[in-house]
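*Asks:* Dumping what TrEMBL says about this protein:
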- 92-185: domain 'Mandelate racemase/muconate lactonizing enzyme C-terminal' (DOMAIN)
- 111: active site, proton donor (ACT_SITE)
- 139, 166, 190: Mg(2+) binding site (BINDING)
- 214: active site, proton acceptor (ACT_SITE)
Ligand SMILES: O=C(O)CCC(=O)C1=CC=C[C@@H](O)[C@@H]1C(=O)O
Ligand SMILES: [Mg+2]
């Protein structure tokens with residue numbers, strides 16, 4: 001598809017909807033996900049940078065949304081992608097109900113190191129997942145010190161393997177140290193890639209075995225594909241994951257996963273965390289999602305409309321980020 005010229009702010013605002021999506025369970029500290037969606041000549045795009053992000057960081061998310069709406073997705077190599085179940089930091093007893101929303105998935109990513117919880121909570125949750133799903137990853141969102149990570153990863157691998165531990169600690173140096181100390185567990189970088197000035201630094205520092213890549217913070221599908229090529233030169237595979245996107249934003253993650261030379265279980269099943277989405281939820285069949293784009297449902301756009309003050313907040317943010325996104 002030929003790219004259309006970059007849109008003016010007024011063109012984006014003309015079709016913009018600010019939505020407030022209720023979530024089934026608290027995830028990364030929120031129970032409502034706000035996003036701004038808009039349409040262009042190639043389809044729908046999403047601007048959903050988390051509210052606490054500053055404009056410089058948020059503008060990459062807008063660039064990704066504009067890419068999908070004005071340029072569309074690159075050619076896919078496959079029409080379905082495998083996803084992992086995403087298990088929030090719930091009590092172990094709730095694990096079966098969470099996993100029931102991910103029929104056929106053979107990999108689960110389990111949140112650990114949640115503030116206010118203990119290592120015993122993490123171990124119990126991971127064991128409950130292991131009883132039902134063969135391959136388990138954990139994500140600590142940088143919540144451990146190096147010593148805590150070492151203790152936790154040993155405890156979490158006492159009764160079974162972990163495919164990898166995602167962002168066990170906050171800094172690149174800490175990740176490298178954990179990787180040295182805990183030889184049996186692969187280390188994946190997430191925040192050290194999506195929130196870094198230089199996403200390759202973590203790999204050059206020998207601090208990651210796997211790279212978790214998300215389309216919105218990296219500025220688009222094509223940017224993710226370019227980064228994946230560079231990472232491949234270091235022998236580091238990527239796992240495409242969502243940024244807690246609505247069904248519209250998820251189209252971009254699916255497009256990236258579909259355009260990569262190889263694809264392992266992606267973190268793109270987070271639509272299951274929403275009570276309602278902007279379109280009919282994509283069906284998860286045998287642990288796989290179909291690669292497609294969606295058009296939002298008019299009734300849902302009305303029902304999910306954010307309150308006026310939040311709409312105003314997002315439109316002001318859009319206006320500030322627009323010139324930065326087009327740089
Ligand atoms: O990777 C997945 O299974 C789902 C996506 C996911 O976990 C995340 C999405 C958005 C924000 C993040 O806090 C979180 C992550 O840290 O990977
Ligand atoms: Mg993560």
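Even glycines carry a Cβ here, placed using N, Cα and C.
A TrEMBL annotation is a machine prediction, not a hand-curated record.
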*Asks:* Please report how many Å separate the Cα atom of the residue listed as 'active site, proton acceptor' from that of residue 111 (active site, proton donor), as a whole number.
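*Replies:* Roughly 17 Å, rounded to the nearest whole number.
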*Asks:* Any idea what the Cα distance is from residue 111 (active site, proton donor) over to residue 166 (Mg(2+) binding site), rounded to a whole Å?
*Replies:* 9
*Asks:* Once 139, 166, 190 are set aside, which residues in the chain still have Cβ within 8 Å of the Cβ centroid of the Mg(2+) site?
*Replies:* 109, 137, 138, 140, 141, 165, 167, 188, 189, 191, 212, 241
*Asks:* Which one of the active-site residues (111, 214) has its C-beta surrounded by the most other C-beta atoms within 10 angstroms?
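*Replies:* Per the Cβ count within 10 Å, the most buried is 214.
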*Asks:* In the domain 'Mandelate racemase/muconate lactonizing enzyme C-terminal' (92-185), how many residues does DSSP put in helix, strand and coil?
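*Replies:* With helix first, then strand, then coil, the domain 'Mandelate racemase/muconate lactonizing enzyme C-terminal' (92-185) has 41 helix, 14 strand, 39 coil.
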*Asks:* Please classify the secondary structure at residue 190 (Mg(2+) binding site) using three-state DSSP.
*Replies:* coil
*Asks:* If you skip the near sequence neighbours and keep only those at least six away, which residues in the chain come within under 8 angstroms of residue 139 (Mg(2+) binding site), Cβ to Cβ?
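*Replies:* Set apart from residue 139 (Mg(2+) binding site) by at least 6 residues yet with Cβ under 8 Å, we have 109, 110, 111, 112, 165, 166, 167, 190.
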*Asks:* DSSP secondary structure for the residue listed as 'active site, proton acceptor', reduced to helix/strand/coil, please.
*Replies:* strand
*Asks:* Check the domain 'Mandelate racemase/muconate lactonizing enzyme C-terminal' (92-185) for me and report the mean pLDDT.
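*Replies:* Computed over the domain 'Mandelate racemase/muconate lactonizing enzyme C-terminal' (92-185), the mean pLDDT is 98 on the 0 to 100 scale.
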